[in-house]
């Protein structure tokens, strides 16, 4: 097969591993810079152009779309969909998962376990907003943040009020969530491919750090999932309509709660922690499912 990887970083671990895994299985792989693609969207014959030429037909496209280029990146993915190319994660599913508020609303509607979450623009009663999610300590998140950036822990009511007021002053959209203390600064990243969890790791935040992101100095190790955790991850991926994703889960007293569904999960940490060929499993999924015009909208909302 001829496979395209949409990525701005050909040297990034995940991009390199996907390319290596596909080539090892005899496929032709092209790494394409998403922002350098351009399109004639009114043409009766949809195409994507790159470096002055029309791109050849690809049997499959693997989108590795960074959060900062979601709008343009999903437009490029959508153009490939119009051409009948099989895409690993479709454009609407990527957009759905990138909107933290929208994704939480959709997961909540389907009964997925979530931390109590508040959303407001300019509340006339900040104290009530904080009380409504269980009171301090609370976690305050920027809707546009990634890799733990824009996530702060407010340990007292006064600190929480001050932080919320500060974000409001910047006209920033924020989520206010209950702090799951019993998780102990750890979360579980479940890698879902084709409707099943193929790998899972426990990420532990650095000492004194409540965020478990590996980019923030956290560590990772192999973890055994419970049946409930596995089912939660699979259902969350299905609701988002994603074929390949990372589902981040916290172990709360009441059961697993989903923090985020990542449509472009990094492979380095989970491959090292589990020793599994995750990239190879993604390529295997493509081999089994890539057919022309097979992409269809999954998930709702």
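Here the Cβ of each residue, glycine as well, is placed from N, Cα and C on the backbone.
Copied over from Swiss-Prot:
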- 104-287: domain 'ATP-grasp' (DOMAIN)
- 141, 178, 179, 187, 211, 212, 213: ATP binding site (BINDING)
- 248, 260: Mn(2+) 1 binding site (BINDING)
- 248, 260: Mg(2+) 1 binding site (BINDING)
- 260, 262: Mn(2+) 2 binding site (BINDING)
- 260, 262: Mg(2+) 2 binding site (BINDING)
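Cβ contacts within 10 Å of residue 178 (ATP binding site), excluding its own Cβ and spanning all protein chains shown: 20. Cα-Cα distance from residue 178 (ATP binding site) to residue 260 (Mn(2+) 1 binding site): 14 Å (rounded to the nearest whole number). Here the Cβ of residue 187 (ATP binding site) has 24 other Cβ atoms within 10 Å, regardless of which shown protein chain they belong to. Neighbours of residue 248 (Mn(2+) 1 binding site) among the binding-site residues 141, 179, 187, 262, defined as a Cα within 10 Å of its Cα, are 187, 262.
Cα-Cα distance from residue 141 (ATP binding site) to residue 260 (Mn(2+) 1 binding site): 12 Å (rounded to the nearest whole number). A distance of 15 Å separates the Cα atom of residue 179 (ATP binding site) from that of residue 260 (Mn(2+) 1 binding site). Calculated from their C-alpha atoms, the gap between residue 187 (ATP binding site) and residue 260 (Mn(2+) 1 binding site) amounts to 11 Å. Counting every protein chain shown, the Cβ of residue 141 (ATP binding site) has 22 other Cβ atoms within 10 Å. Note on the domain 'ATP-grasp' (104-287): mean pLDDT across this stretch is 90. The Cβ of residue 260 (Mn(2+) 1 binding site) lies under 8 Å from the Cβ of 100, 103, 247, 248, each of which sits 6+ residues away along the same chain.
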